Amino acid sequence: MDHGFYPTNLNGEGLRIGIVQARFNEPVCEALREACVAELEQLGVAGEDVLLVTVPGALEVPLALQKMAESGQFDALIALGAVIRGETYHFELVSNESGAGITRVGLDFNIAIANGILTTDTDAQAHARTREKGRDCARTAVEMANLTNDLDGLQDHGQDDDGENE
């Protein structure tokens, strides 16, 4: 680290990544997953270090993320899904609640979560965003895993074996 600046670290080697993918709007979600997994591989994350689980829809994503976070087995998590506006208020409810749940899990369990739940007005908008959003989630997960792992190391610096400041 130079001059107190932490450089972006997109090296995924040795990182363990959990992915929760919603199945609702499946073609969009599959495209998100494919782009995300391909980018994780490009960043050096080994296939055996990635666990993918699927859930029915975006509202179920936070619970699966919570279970993964509770396990302590992952350096970062990724949420993938698509909420496409319909003719009812359900769109707002699902979008808001899934987003809030994802954020809460990350903060409650001190783990980076890349939120790749697309919220769009149309199928066409969702399909147009899948490739870039999937790749972005992979990059975000790797960068934030490295950052949080390194920042966790700062907490240990300057403490004795009992966790007291020296």
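Glycine too: its Cβ is placed from the backbone N, Cα and C atoms.
Positions annotated as 5-amino-6-(D-ribitylamino)uracil binding site by Swiss-Prot: Phe24, Ala58, Leu59, Glu60, Ala82, Val83, Ile84, Asn115. Per Swiss-Prot, the feature (2S)-2-hydroxy-3-oxobutyl phosphate binding site maps to Glu87, Thr88, Arg129. The active site, proton donor annotation in Swiss-Prot covers His90.
Mapped onto this structure are the features recorded in Swiss-Prot.
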residue	record	CB count, 10 Å
Ala58	5-amino-6-(D-ribitylamino)uracil binding site	27
Leu59	5-amino-6-(D-ribitylamino)uracil binding site	17
Ala82	5-amino-6-(D-ribitylamino)uracil binding site	27
Val83	5-amino-6-(D-ribitylamino)uracil binding site	26
Ile84	5-amino-6-(D-ribitylamino)uracil binding site	18
Glu87	(2S)-2-hydroxy-3-oxobutyl phosphate binding site	6
Thr88	(2S)-2-hydroxy-3-oxobutyl phosphate binding site	8
His90	active site, proton donor	11
Asn115	5-amino-6-(D-ribitylamino)uracil binding site	20
Arg129	(2S)-2-hydroxy-3-oxobutyl phosphate binding site	19
Rounded distance in angstrom between the Cα atoms of Glu87 ((2S)-2-hydroxy-3-oxobutyl phosphate binding site) and Asn115 (5-amino-6-(D-ribitylamino)uracil binding site): 24
Glu60 (5-amino-6-(D-ribitylamino)uracil binding site), number of other Cβ atoms within 10 Å: 18
C-alpha spacing of His90 (active site, proton donor) relative to Phe24 (5-amino-6-(D-ribitylamino)uracil binding site), in angstrom: 14
Reduced DSSP assignment, Glu87 ((2S)-2-hydroxy-3-oxobutyl phosphate binding site): coil
Three-state secondary structure, Arg129 ((2S)-2-hydroxy-3-oxobutyl phosphate binding site) (per DSSP): helix
Protein Cβ atoms within 10 Å of Phe24 (5-amino-6-(D-ribitylamino)uracil binding site), excluding its own: 17
Top Cα neighbour of Arg129 ((2S)-2-hydroxy-3-oxobutyl phosphate binding site) in the set of recorded positions Ala58, Leu59, Val83, His90: Val83
